[in-house]
Structures are given as structure tokens and as C-alpha cells.
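**Q** The following feature annotations were taken from TrEMBL:
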ACT_SITE  Glu450  active site
BINDING   His449, His454, Glu507  Zn(2+) binding site
Amino acid sequence: MVDSQYYLPNDIGISALDCGEAFRLLSPQEKMYSHYLSRSAWYGGLAVLLQTSPESADIFVLLQKIFRKQTPSQLAQVVTAAGLSSEEYQAFLVYAAGLYANMGNYKSFGDTKFIPNLPKDKLKALVKASQAFQEQPTEMEALWNSCSCLLYSLEDRQKQLGLGDKGITTYFSGNCCLEDAELAQRFLDSKKLSAYNTRLFKRDNGGKACYEVRLASAVQKDCAVDGEGESCCGSFSFEDKEFTVKRGDYAPLMEKVSYYLQQAQGYAANENQRKMLEEYERSFTLGSVEAHKEGSRYWIKDKGPIVESYIGFIESYRDPFGSRGEFEGFVAVVNKAMSERFSKLVSSAEVLLPELPWPREFEKDTFLKPDFTSLDVLTFAGSGIPAGINIPNYDDIRQSEGFKNVSLGNVLAVAYATQKEKLTFLQEEDKDLFIKWKGPSFEVQVGLHELLGHGSGKLFVKDDEGKFNFDENKVINPETGEPVSSWYQGSETWDSKFSTIASSYEECRAECVGLYLCLIKKVLSIFGHEGEDAEDVVYINWLSMVRAGLLGLEFYTAESKSWRQAHMQARFVILCVLLEAGEGLVGLEEVTGADGKPDARITLDRSKIHTVGKNAIHRFLCKLQVLKSTADVEGGRALYAFYSTVSDTGAHNFLRLRETVLLRKEARKMFVQANTKVNGDSVELVEYEGSAEGLICSFTERFQDDAEKLEADLLEMSKKDSPCWC
């Protein structure tokens with residue numbers, strides 16, 4: 001019997017992401033623009049297969065080959081004869097849907113591996129009974145053999161993503177450890193190269209370690225090419241080690257991304273959009289993060305577009321070191337009514353920022369008013385879909401030029417719809433209120449988290465010329481009462497400095513900002529909540545945060561004492577901060593459920609949120625910001641590690657509670673997305689049902705134009721690097 005955390009249940013929630021109405025309202029030009037951007041995003045998203053695990057691309061191709069020849073309902077007719085029960089066939093469909101939705105065989109939220117919930121011999125029988133196998137037995141047998149072992153393997157190291165002996169990663173070759181990652185980061189810093197679009201491969205050259213830094217690009221030549229002054233590629237000696245910077249990672253995919261971006265340029269609404277796409281195209285062609293930054297600058301200037309998008313190597317959550325970006329691309333349509341609330345929040349930002357608990361000097365010199373829109377997602381390619389985004393992630397741009405916030409409305413509408421019987425760990429009397437206000441309160445939290453969480457706070461920097469961006473003689477550290485004594489040097493960034501904890505720490509800071517500022521009446525009235533309703537929204541926002549902290553234990557690996565999901569670690573930290581505040585603010589007890597199995601109850605005293613709760617978050621949030629501003633890695637690590645500790649000692653046995661959480665966990669929902677198709681001069685939207693079958697069909701139809709070549713390219717890229725993972 002496989003532990004249930006390593007497979008997806010047959011009754012997992014699968015919902016169609018509705019964007020039909022939003023798409024219909026677009027002009028023909030906007031539809032074309034959306035179509036080509038979507039194509040670009042979907043092809044780029046396939047790079048995630050190669051960024052996740054050695055076997056992901058092979059499994060993807062195996063599934064595509066099977067389902068291109070037979071739809072799930074056609075295949076169902078032959079598998080019964082092959083000896084599969086209907087439950088086993090459904091388990092196979094859920095596994096396939098899960099692989100597509102996560103772009104690999106590790107959960108995008110939690111980074112644990114999932115395997116098919118049916119015996120290996122039954123899956124092999126299914127593959128052999130398929131029409132694809134009947135038509136190409138040699139090729140299909142080879143494909144099955146290349147991935148069937150790893151597809152089912154649950155050896156300790158393969159259970160989760162991680163570096164070295166802690167887990168699986170394809171951002172680094174299998175022989176790399178933390179020291180190699182740190183050395184490579186110092187090398188990249190010395191060359192002023194970003195790690196976002198790179199992978200690191202280490203090999204032994206006559207007893208000497210040699211490192212290859214590989215940039216994602218369509219171009220495979222390492223010399224300077226058209227439009228480049230000089231190439232950043234070449235061989236370098238650094239700290240007595242050999243480093244080579246090469247181009248061409250995911251080249252066939254980057255070529256597709258660039259091609260479709262070029263097509264989209266013809267339908268851009270304005271000059272900013274056109275230049276943005278031009279720079280993105282240059283970035284994916286040459287492997288240049290600088291070009292991507294330039295594109296992001298134009299993107300920030302493109303205020304209030306009807307069709308919003310972003311594409312590239314963006315979030316670094318899944319790099320075990322925390323500085324390499326996973327590919328993602330989204331295309332979405334602005335929801336005007338919802339966006340009005342967010343723009344009111346933006347207008348109030350300058351009044352709200354001084355309410356935050358740190359001194360004025362620790363806030364950016366000027367608040368660069370961002371675009372903040374609510375979007376209905378048409379396409380979101382990558383490993384998963386978030387509820388809100390604050391980008392770009394480039395510190396230098398965010399600090400001095402600005403950023404954009406988006407809330408993904410049609411994702412929120414589906415993701416947080418909850419059935420009462422599935423609501424765990426709450427008192428009975430809280431459940432109806434929770435169901436009523438979870439959506440509206442989360443909308444407030446996302447708005448505050450993205451805009452005033454990620455959008456606030458200053459980083460103290462001493463640049464390469466020795467100039468400070470603050471008065472180093474006058475600014476006092478409120479935690480010590482002494483002048484500020486540390487800062488970021490030159491090209492150091494938040495991610496490169498705080499590396500492994502940067503993502504989770506920053507999510508924690510943003511979540512705390514949301515909790516803290518939602519206590520302000522003006523904020524609630526912007527979102528249309530007044531009087532008792534407003535108090536209910538605050539109560540449910542805080543209650544869902546402490547419940548999320550408990551649920552977060554699912555994403556902690558006890559054996560390696562490590563967290564696998566940045567947001568969930570952040571929420572657990574907040575739970576611990578609020579438990580520590582005492583005075584009966586938060587209650588957490590172990591109980592026995594109605595089914596006789598272990599359960600837990602979490603309670604929150606709503607009369608103490610504005611006093612005990614607010615004071616606790618005030619103190620903690622100030623500490624988080626001061627340590628971040630002053631680049632105090634040691635202090636930041638110590639503070640964060642203290643509240644992230646999961647043990648069986650102390651007031652709460654969190655290791656035992658983790659078992660209870662695992663026992664009662666609910667699988668995360670998966671989304672089915674539409675496709676777009678050009679028909680003469682118009683673009684049609686092809687929608688699918690919200691089921692495993694619908695999700696599978698959407699993927700087989702998504703890449704049908706050049707399926708054979710694409711599959712061959714994926715297998716070739718996968719095979720070329722396979723010796724690196726041993």
C-alpha cells in the first residue's frame with residue numbers, strides 16, 4: 001500500500017477555468033494577440049518538464065503518443081480487455097491529468113513525487129493494448145523502458161525535489177551539492193550574470209572540477225551573434241575552478257517561444273507592447289536576462305492593457321538553491337469591474353504604507369504606483385496557477401522603476417470554493433461563516449499581499465561606485481538602537497543573498513502585511529465590506545491564515561527536516577508567531593474525530609485580533625523588514641529557522657499533528673484550460689469539460705500541429721542530459 005501522499009486520489013477536484021465571456025468581448029486584433037502569446041507560453045511551458053525531473057519529458061511524450069491515437073473514452077474500450085478495472089483506469093487518467101497540470105511528476109505545490117495509483121503491470125498492459133503501441137511497438141517499448149522504473153520509484157531521494165542527497169533536481173547535475181551552488185552563485189555575481197535562466201552541470205576533468213553554466217536560448221552558438229556587442233559565453237577560471245558559460249538549453253522550445261512572440265508583435269496594441277515583445281524575443285533567442293529586464297521595463301509602462309501577459313523564467317521556488325527561475329507564461333483578459341477595487345487600493349497605497357510597522361527610512365523613497373488589475377486567465381503555462389502575482393522579480397527594477405500586480409479572478413472563483421464536509425480542523429460554528437467569507441476575505445488578502453506586501457520595503461544598497469541609497473550615518477536600526485551596519489553590495493540581490501530562505505521569508509512578510517492592513521476599516525470599505533460584514537471578513541482572513549499554518553505541515557518532510565513549499569512554510573511561521581502571543585488568541589488542540597481517528601481543532605478569539613494579534617504581527621513584521629533591508633542574512637536565517645521548527649517538544653506536538661494533517665488532507669484542485677485556434681481571419685476558443693478526460697484532451701489538441709517533431713525534440717533533449725543525473 002503506497003502512502004496516499006504519493007498518488008492523486010480518483011476523486012480529485014478538476015475544474016474548467018472559465019474565460020469564455022472575457023474572450024468573446026475581445027476585438028479580432030486582441031484575439032489574435034492572445035492566440036500567439038498563448039502559443040508562445042504553451043511551448044515555453046514544456047521546458048518545465050526538463051526543469052523538474054529526469055523522467056518527466058519521457059512520461060509526457062509517452063502519454064501524448066497514447067492519447068493522440070485514442071481519446072480517453074476510445075482507450076477505455078480496450079483497457080477492460082487488458083485486465084484493468086474501471087477504478088484502475090480512472091487512476092491512470094488522474095495520473096495523466098496530474099502530469100499535464102503539474103508539467104512533470106512532482107506536485108507543483110509541495111514538490112512531492114506522485115506515482116500512478118495502479119499496479120505497474122496493469123499500466124504496462126494498458127500501454128501495450130494502446131493503438132500507439134500496436135502501430136509502433138519498438139518505439140513505444142523503448143519509451144516505456146526509458147521511464148517506467150523512475151515513474152514508479154519511491155526511493156527516499158526520489159520522493160521530493162531537493163539538492164544532493166535531499167532530493168531530485170534537474171537545475172543541477174546529480175553530483176552537485178550546496179557548496180557547488182554557492183560557488184556558482186559567486187561566479188555568476190562576479191560576471192554580473194543572473195541565475196534565472198541557467199542550469200549548472202559539474203563534471204570531473206582529470207581530477208579537477210569543471211562547471212558548465214547553461215543559458216536557455218534558441219541560439220546554440222556561443223560566440224557573439226547579430227544584435228550582441230559581445231557574448232557572455234566562454235571559459236573562465238574562478239577560485240581555482242574552471243567555468244564555461246554556454247548557450248542552447250531547451251533550444252527547440254526557445255525557438256518556438258521566440259517565433260510566436262514575433263507573430264504576436266503584428267497584433268500589439270501599442271509601441272510599449274511591441275518593444276516588450278521584441279526584447280522578450282531577444283531574451284529567449286540569445287539567453288539574455290538583460291533583454292528580459294528591458295522587456296519588463298516596457299511591460300511596466302504598458303498601463304491598463306486589455307490583454308495582459310508575462311513570460312519567462314520567473315519564480316525561483318523550485319530551485320533548491322532559490323535563484324533559478326521556472327518557466328511560466330500567462331495570457332489573461334482584464335476584468336474591469338473587479339479591477340476598479342484594486343485601483344482604489346493603489347490610490348490609497350500612500351496613505352496605507354505609513355501604517356506599516358517599520359520606520360519611514362525603511363520604506364522606498366517613492367511609491368511607484370503600479371497597475372493592479374483583476375484578470376481572467378485564458379492561458380497559464382508552467383507547473384501551476386497562482387491566485388495573485390507581483391512582478392517583475394528583478395529587485396533593481398522593483399525598487400526604482402516599479403512593478404505590476406495582478407489578481408487572477410477566475411482562478412480564485414474556482415480554487416477556493418469549499419464543501420462544508422471537507423472543511424477540516426475548524427469548530428462547527430465557524431464553518432458556515434468560513435464558507436461565506438473565505439472568497440471575499442482571500443480577495444482582500446491577495447490584494448494587500450501583492451500590492452503592499454511584495455510592493456513595500458526598501459533594500460539598503462552600496463553600489464559599485466561606493467554610493468549609498470540611504471544616509472548610513474543617520475539611519476538607526478529599530479531592533480538594536482544602533483546605526484545600520486550592513487547592506488547589499490553592488491550586484492547582490494535579495495534572492496542571491498538570502499538564497500534558500502528568500503522565497504518563503506518574502507511570502508511570510510507579504511502575508512503578515514495582509515493580516516496587519518486588513519484591520520484598517522478603509523481597506524475593507526474599498527472592497528465593499530462595512531460594519532459587521534467587515535469584522536467577519538477580518539475574522540475569517542485571520543482564521544484561514546492560522547488554519548493554513550496547520551495545513552502547512554503536509555509540506556514538511558520530517559526525515560530531512562525541510563520544507564517543500566514556500567507559502568505553506570510562511571503560514572506555519574505565522575501560526576507559531578500567533579500561538580506564541582498567548583493570551584488565548586489562538587487555540588490548537590488534538591482531539592478524536594467522529595470517525596474515531598486523530599483530529600485537531602483550531603480556534604481564534606476574534607475579540608483579541610485587534611489587540612494581541614495586531615501587536616504580535618506588528619513586532620514580527622518589523623523584525624522581518626529590518627533584517628531584509630539591512631541584508632542581515634545571519635539574523636534573518638536564525639529568526640526564520642526558529643519559527644519554522646517542527647518538533648514533538650513544546651506546547652504542541654507538531655510532528656504528531658503533521659500525521660493528523662496527512663491523514664485528513666484534501667488534494668489540491670487541477671484546472672482545465674481552453675485552447676485557441678485560428679480559423680481564417682478569426683480566432684476561436686476551444687473549451688473542455690472539467691474532468692481528467694477534458695484536461696487530457698486539451699493537452700493532446702494543444703500540440704497537434706507539430707506533434708511528431710516536438711515529441712522527438714523533447715526526447716532528444718531529455719536523452720542528451722540523462723548521464724548528468726546519475
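Note: Cβ is positioned from N, Cα and C throughout, glycine not excepted.
Bear in mind that TrEMBL entries carry predicted annotations, made automatically and left uncurated.
A description of the local structural setting of each listed feature is requested, covering burial, neighbours and distances.
**A** Non-local contacts of Glu450 (active site) by the CB criterion (under 8 A, 6+ apart in sequence, same chain) comprise Phe372, Gly388, Ile389, Asn390, Asn405, Val406, Ser407, Ala510.
All chains included, 22 other C-beta atoms sit within 10 angstroms of the C-beta of Glu507 (Zn(2+) binding site).
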**Q** By a simple count, how many Cβ atoms lie within 10 Å of the Cβ of His449 (Zn(2+) binding site), its own Cβ left out?
**A** 28
**Q** List the residues in the vicinity of the Zn(2+) site, defined as same-chain residues other than His449, His454, Glu507 with C-beta within 8 angstroms of the site's C-beta centre.
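**A** Apart from His449, His454, Glu507, the close residues are Asn390, Glu450, Gly453, Glu506, Arg509, Ala510, Glu511, Val513, Gly514.
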**Q** His454 (Zn(2+) binding site) has how many other Cβ neighbours within 10 Å of its own Cβ?
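**A** Looking across every protein chain shown, the total is 21.
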